[in-house]
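Sequence annotations record features per position, and here Swiss-Prot assigns transmembrane segment to 25-45, 72-92, 95-115, 133-153, 169-189, 200-220, 240-260, 264-284, 289-309, 338-358 based on sequence analysis.
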Amino acid sequence: MLYWLIDLSSSIPAFNVFRYITFRTGGAVVTGALFVFLCGPWIINNLRLRQGKGQPIRSDGPQSHLVTKKGTPTMGGLMILSGLTVGTVLWANPVNPYVWIVLAVTLGFGFVGFYDDYMKVTKQTHAGISGRTRLLIEFAIAGAACFALVWLGRSSLSSSLVIPFFKEVVLNLGWYFVIFGAFVIVGAGNAVNLTDGLDGLAIVPVMIAAASFGLIAYLAGNAVFADYLQINYVAGTGELAVLCGALLGAGLGFLWFNAPPASIFMGDTGSLALGGMLGSIAVAVKHEIVLAVIGGLFVLEAVSVIVQVASFKLTGKRVFRMAPIHHHFEQKGWTEPQIVIRFWIIAVMLALAGLATLKLR
């Protein structure tokens, strides 16, 4: 909404600053953080009162969790999504379609996660919505978003897969790109969901990825920078940097309450939504493969589960002591802070590697 203050810049020159994406991104960071900082305690208290016993803990998971995490409320993603939405609505260009498409995916996935969390809390079981039902809904949301992105672009680029490290190598998938893009978004959502198993483990890598894709969106949406870096220019996507800024701010606010020992868990409400958001931004700015690098930690967590399940079904043996892989290291004797901080370091290194692909062409 504040973007419209540009109309007053002729009489009040100071309002001209709202033209700049960088300024509005900074404003979104501050707004998202302040909203969660100020409203967080009220949200946590209300969730604790309504949930009673809090999030049910898996009996087949690490036994220490039955003691250290018992009674902690979930659905903390509501805090993040609220701060993200407020920051976006206040600071983003309200007529930019990319903003609304990505926000729709984020909130849509958030609703699926919220209902899943609600089922778990009310039934006091770690099994919420059936996996098949959840995937069908996620693919419907992601497919609709990808269709909108292809239709919005109305060019061969919008339906193409861009290969990093090469200047002009693209694979035009046509309308099959809708299916590919949907897999990227759904995969990202569920990969982040699997990562969210320890206090602070998911939110910091999400913020690192959001900051990285905020920069990528800004560069890809700027014709001059895109030409200099020889990346594909996607008009209008620069505005997604504001959305990434809002997520970064809301994530910082949430981390204040999610730092060990956590006062609240983000739950599927947050993890599905944030993963879906990262996936949809990657699709919008044509950096789907780079997402697998920057979000490599999430890929590792997801692959560990796939390998574990496949190995057990085919051979009856487990590759890891427990999956996702962060539980494997718990079983090996690593402390929770050791796992979390080391995974954060990995996330930073992967983000730098992903950003390096912008120049290595």
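Glycine too: its Cβ is placed from the backbone N, Cα and C atoms.
Contact between the transmembrane segment (133-153) and the transmembrane segment (264-284) is supported: at least 3 Cβ pairs lie under 8 Å, counting only residues 6 or more apart in sequence. For the transmembrane segment (264-284), the most Cβ-contacting stretch among 95-115, 169-189, 200-220 is 95-115 (pairs under 8 Å). Counting Cβ pairs closer than 8 Å to the transmembrane segment (169-189), the top stretch among 25-45, 72-92, 200-220, 240-260, 289-309 is 289-309. With respect to Cβ pairs under 8 Å, the transmembrane segment (240-260) is most closely packed against 25-45, considering the stretches 25-45, 72-92, 95-115, 289-309. Sequence-distant contacts of the transmembrane segment (338-358) (same chain, six or more residues past either end, CB-CB distance under 8 Å): 164-165, 198-201, 204-205, 208-209, 211-212, 215-216, 219, 229, 231, 260, 290-291, 293-297, 326, 329-330.
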